[in-house]
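Novice: Quick one: this structure, given as structure tokens, is what I'll be asking you about.
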Amino acid sequence: MVTGRWRAKLQRLIVVVGLLLKVAQSCPELRQCFPEAVVTVPCQNDPTLEWTSEPSDIDCSIYVSCFNAIGIKMCCPDGMLFNPDTLKCDDESNVDCQIEPPPCPQTTTTTMPDTTTALADTTTNDADTTMVTNPAETTTDLSTDETSTTTDETDTTTQPITTTEEITSTAAIDTTTVQQGPDLAALCAALSTDSLVELAYPGECSSYIVCLDRQYIATEVCPAGLHHNPILSVCDSPDQAECLDYICQNNPEGSQINIASINSCQRYYICIGNMTVERFCAPGTIYDAENGWCIVEDMDNPCVRERLPAPPQGVILQCTGENELIKIRHPTMCDVYYRCLNGRLWARQCPAGLYFDTDRAQCNLAEVVSCEVQQ
């Protein structure tokens, strides 16, 4: 679960990125586009479980890819603008842009005055009484079986010395605190299977870790605007990925609701305010959203599961025991790929509207992926 501290950090990050993009949208030289900048915005059209595109109302070279009314800001290539008629990026000459962005801000340099203040060294003399004994008058007789010490009281002098200096210093103490991240190796070690598993990175919706044989292998990041779907083990739309830090974010404080998983028949979530509690049905049962509890899975209440295609021979030949962790796209299916490690393959399928991006090695928006579906 995400603590308030992590959630506050994430909110500040989104605000900072949003402010950067606002400047970038109005200044072509500073504009940062997908996939470097991550900004989500509400869409104007009605929610739909298909990817659609909308024009931006502040910059003709920017458009919004929408899924279920949540948009991801995208940029057209240099020299192109988004055409609201075709809903695609087009040559500037074919687009009648009515938006006039303000000029780039001028950079100014301000010299701050030197305000160094010399601090006075404060010395305080306190009376520190030190007892001094004349060592010449202290003798030890070693000739007898017993050791005795004779001190001439008349020659023992006590001299008060006032020499202690107390210095008040204003030097700052270095209190740097290093935050320790999550124990990724321990997360992998706690798994109940030796298969290749992708786990959600604690506190991060877009990052995930890869484990094999209960050993930590790597940390990977989804393309901008997408979350890791820990159920399907792929990058997915935020509304479909079911990141625990995202599911209940809009639930009002003091309100408690149940939400059925859209990726698993046996899984559901309880939103207590914006805190998410994950729950699982017992084996042989599935969650019934209409009644709000788990029911027996039978012919009247089936759980539909799709099986992914077996890897073709060409993919098998590419996956050898000498390879490190790689991903290989299906030769004819743009949304299917295989994870390969040490000669072993695991099939994955991108969600609807996403294709496997060989450049990013992740599922990505179909419109930015170069792949032709073969029938």
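Using the three backbone atoms N, Cα and C, a Cβ is placed for every residue, glycine included.
On a predicted model such as this, the values are computed, not experimentally measured, just so you know.
For reference, TrEMBL lists these features for the protein:
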type	residues	note
DOMAIN	40-99	domain 'Chitin-binding type-2'
DOMAIN	185-245	domain 'Chitin-binding type-2'
DOMAIN	248-305	domain 'Chitin-binding type-2'
DOMAIN	316-373	domain 'Chitin-binding type-2'
REGION	124-159	region 'Disordered'
SIGNAL	1-26	signal peptide
Novice: Under DSSP, the domain 'Chitin-binding type-2' (316-373) has how many residues in helix, strand and coil?
Specialist: 6 helix, 24 strand, 28 coil
Novice: Which whole-number mean pLDDT does the model give the domain 'Chitin-binding type-2' (185-245)?
Specialist: 91
